[in-house]
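Database features (Swiss-Prot):
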TRANSIT   1-43  transit peptide
DOMAIN    69-196  domain 'AB hydrolase-1'
ACT_SITE  Ser143  active site, charge relay system
ACT_SITE  Asp240  active site, charge relay system
ACT_SITE  His270  active site, charge relay system
Amino acid sequence: MAAWAPCRRWGWAAVSFGRHPGLSASLARKPPRAWWLSACRQKASLSFLNRSELPNLAYKRLKGKTPGIIFIPGYLSNMNGIKAVAVEEFCKSLGHAFIRFDYSGIGSSDGNLAECTVGKWRKDVLSILDDVAEGPQILVGSSLGGWLMLHAAIARPEKVIALIGIATAADGLVTQYHALPVETQKEIEMKGEWTLPSRYNKEGYFRIPYSFIKEAEHHCLLHSPIPVTCPVRLLHGMKDEIVPWQRSLQVADRIVSPDVDVILRKQGDHRMKEKADIHLLICTIDDLIDKLSTVVP
């Protein structure tokens with residue numbers, strides 16, 4: 001049974017799907033850390049993962065203790081976002097390993113964006129896990145990255161020991177597309193492109209190839225149980241106009257792991273990058289590191 005435990009101080013609520021104490025109480029007890037100011041200002045240097053038959057991937061890595069943290073960005077986002085950098089600073093302050101990277105076709109990575117698909121970006125995540133990361137990892141996925149982290153946990157259960165999703169967009173654009181009127185879907189198919197309005201793009205919209213949507217259909221997860229057995233934390237803003245917060249409840253319901261919490265931010269939007277949002281994210285990571293420290297060598 002899901003149990004709500006609102007915390008007025010920070011304005012979030014935890015919904016526990018497992019037989020363990022909800023996160024909201026422990027989060028409320030944690031004082032804000034001084035990691036914002038005390039962490040070293042030096043950033044990890046830019047490196048490239050060379051792949052023989054795939055585009056080279058740009059990444060930044062901090063070596064340190066396990067479990068390591070890997071930040072998986074959202075759709076068309078690069079590794080330099082506020083959340084990714086904040087998590088890096090926190091990991092640096094604790095001495096934990098951390099990786100952030102750009103998908104192929106994005107940011108500093110090689111590749112042609114027009115040819116990118118969910119399947120290719122899934123391979124990017126697995127490449128980082130297989131060829132860059134060392135030891136057990138906690139994956140932090142934002143939006144599309146939340147969808148891809150689920151795929152990574154399914155494909156590499158021996159290496160992925162926990163997940164944190166931020167506005168997890170499982171089945172993302174596919175669900176939005178199929179919610180359109182049939183006539184609109186036919187128009188998009190004829191044009192070969194979907195012009196999707198968005199205030200998060202300076203042009204006011206995204207141009208999404210029809211082929212991208214059709215390929216993404218092969219990676220949908222919500223139609224059946226999701227075979228992820230590790231601890232999962234799903235953070236979502238209730239003012240998210242891109243991915244409704246109910247999507248995180250759907251994901252939680254589908255995941256087979258008994259250790260799943262959904263944490264809602266009443267004032268949070270899709271990007272979840274305000275100070276209180278970042279604080280919640282950091283506390284959630286800290287909580288999982290504490291939890292896993294008893295089982296991870």
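For all residues, glycine too, the Cβ spot is worked out from N, Cα and C.
Secondary structure of the domain 'AB hydrolase-1' (69-196) per DSSP (helix as H, G, I; strand as E, B; remaining residues coil): 59 helix, 27 strand, 42 coil. For Asp240 (active site, charge relay system), the same-chain residues lying six or more positions away in sequence with a CB closer than 8 A to its CB are Ala167, Gly268, Asp269, His270. Neighbours of His270 (active site, charge relay system), defined as other CB atoms within 10 A of its CB across all chains, total 23.
Ser143 (active site, charge relay system): 26 other CB atoms within 10 A of its CB, across all protein chains. Confidence across the domain 'AB hydrolase-1' (69-196), taken as the mean pLDDT and rounded to a whole number, stands at 97.
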